[in-house]
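**Student:** Mind having a look at this structure? Questions to follow.
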Amino acid sequence: MAADGDWQDFYEFQEPARSLLDQENCNASPEPGAEAGAEAGGGADGFPAPACSLEEKLSLCFRPSDPGAEPPRTAVRPITERSLLQGDEIWNALTDNYGNVMPVDWKSSHTRTLHLLTLNLSEKGVSDSLLFDTSDDEELREQLDMHSIIVSCVNDEPLFTADQVIEEIEEMMQESPDPEDDETPTQSDRLSMLSQEIQTLKRSSTGSYEERVKRLSVSELNEILEEIETAIKEYSEELVQQLALRDELEFEKEVKNSFISVLIEVQNKQKEHKETAKKKKKLKNGSSQNGKNERSHMPGTYLTTVIPYEKKNGPPSVEDLQILTKILRAMKEDSEKVPSLLTDYILKVLCPT
């Protein structure tokens, strides 16, 4: 009894008596000694042992329920931003139409209409004269054959005689205005005067000419003779100059014709070479593996040479055309002289020292 009196002060800190539900939730079975002490009205000699520890209580709270027990409550879910937005009507209205909006058609918009009116653009129809039928290369080549065009134009030009040249020179002198009206007659004035006298003499009959000569004195006849000799000399010099100019023009024409003809031949040969190269590429087994090539270079090596050309103010000179004609002929023959001729052309024409 003394022991009970000593511990009486600490009974208020003792764990309260558990209810029947707590005992059922606890898996621990009561100890035999405790039951015996309880039946004997014990517990007087020590503290009553706790039925469950804290860990056991936690495990009991989160354990799955038995098949016969009541269904558990709905598990608690954390509230996130996504779960809040799923129930938001404004957010759903915005996201439902996202990606389904059609792009703006710029051509049919009102802004584009105003833009076109500001630019004032008008469609221009392509004229039929600018449309070429390039289906047939041969026909196009014949249409653009500069050599035949030039030759046909040359054949149509009539050849002038010496008398016609003289008459044209006289007409040019007569039609040309006098730049200065000086008292001293210039050479053109004297030539025009003599030409007029010659024309009057031609028009006059033979009888009137003889009568006029008979009336002249010896001094007047000598003066007329000197004037005629001077006119003949001047006309002869002018005729020689015009004939030399005609020879130069004919030579230039021949050089241009030969250049154009060689250029067309090289272009045709280059086209044939390209077609042959395409056919060779299609073949699986080339013929070059069966035999050796006797030439030091592959056929068509110099045929595709690119000739540099610097565009000047005027047309190329006759000397330049002659050099280019030599290079084109060597290219047509696929000759090994092409590099040397090309070097001379670059040093003499493009980069003269």
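Every residue gets a Cβ built from N, Cα and C, even glycine.
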**Student:** Per Swiss-Prot, which of 19-49, 50-80, 81-111 is region 'Disordered'?
**Tutor:** 19-49
**Student:** By the record in Swiss-Prot, which of S122, S135, S340 is the one labelled phosphoserine?
**Tutor:** S135
**Student:** Could you let me know which of S127, S195, S219, S335 shows up in Swiss-Prot as phosphoserine?
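**Tutor:** Record annotation (Swiss-Prot, phosphoserine): S195.
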**Student:** Quick one: average pLDDT across the coiled coil (214-286), no decimals.
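**Tutor:** 87, rounded to a whole number.
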